[in-house]
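A.B. asks: Structure incoming, see below.
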Amino acid sequence: MWFQWSEQRDYIDTTWGCGYLLASSFVFLNLLGQLTGCVLVLSRNFVQYACFGLFGIIALQTIAYSILWDLKFLMRNLALGGGLLLLLAESRSEGKSMFAGVPTMRESSPKQYMQLGGRVLLVLMFMTLLHFDASFFSIIQNIVGTALMILVAVGFKTKLAALTLVVWLFAINVYFNAFWTIPVYKPMHDFLKYDFFQTMSVIGGLLLVVALGPGGVSMDEKKKEW
């Protein structure tokens with residue numbers, strides 16, 4: 001956004017007719033919000049507030065860039081929100097209890113539902129990768145991908161399914177979004193770069209599923225009770 005400040009500003013100004021000053025303010029807010037949120041998350045300071053701020057930035061981008069009317073980009077933005085939900089759940093699990101050492105009832109807190117929501121939203125990313133054609137490879141890819149998506153969403157063999165999706169999505173991302181092979185001056189370079197790093201963010205969310213597990217609202221957890 002810093003290196004394409006004028007293009008971003010002109011796009012917002014043209015799309016919304018808000019004028020030079022408001023368009024510049026929007027680009028600045030967008031840039032500052034993303035950088036601040038990411039720095040706080042990586043430094044493990046005020047993670048919950050950083051997540052809420054990044055939620056706000058995603059919502060702002062969805063409206064400002066008219067993503068709301070593009071189903072593919074909307075699902076990918078929702079998948080980013082799923083990754084943030086998982087990050088929020090992880091930060092809550094790290095928080096120290098006021099009653100440390102005191103036995104508590106079995107957790108059925110919002111954290112578990114955040115993990116469920118995060119898993120379901122992450123799955124939306126893979127729905128954008130399905131190919132509706134009759135080639136053998138596409139059919140196999142759709143069947144395997146759909147099966148893994150369902151496993152992650154319902155929380156069955158979650159860590160294995162999520163790790164498999166990480167490997168699969170990373171391979172697809174490097175193959176299809178190889179922006180480094182496109183000259184910088186071509187518009188496709190920016191499009192693929194955006195797609196590449198957005199997909200990497202979703203991979204990060206899936207790695208959180210691998211690290212944290214599915215949470216209490218899942219088949220894996222219910223099996224322990226059976």
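Note: Cβ is positioned from N, Cα and C throughout, glycine not excepted.
According to TrEMBL, the record shows the following:
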type	residues	note
TRANSMEM	20-42	transmembrane segment
TRANSMEM	49-68	transmembrane segment
TRANSMEM	136-156	transmembrane segment
TRANSMEM	163-184	transmembrane segment
TRANSMEM	196-217	transmembrane segment
A.B. asks: Residues sitting near the transmembrane segment (196-217): Cβ under 8 Å, six or more positions beyond its termini, same chain?
C.D. replies: 76, 79-80, 82-84, 86-87, 89-90, 93, 106-108, 111-116, 118-119, 122, 125, 152, 155, 158-159, 162-163, 165-166, 169-170, 173, 177-179
A.B. asks: Below 8 angstroms Cβ to Cβ, which residues of this chain, lying six or more residues outside the transmembrane segment (49-68), approach it?
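C.D. replies: Sequence-remote neighbours of the transmembrane segment (49-68) are 11-12, 15-16, 26, 29-30, 33-34, 36-38, 40-41, 74, 77, 80-81, 84, 87-88, 91.
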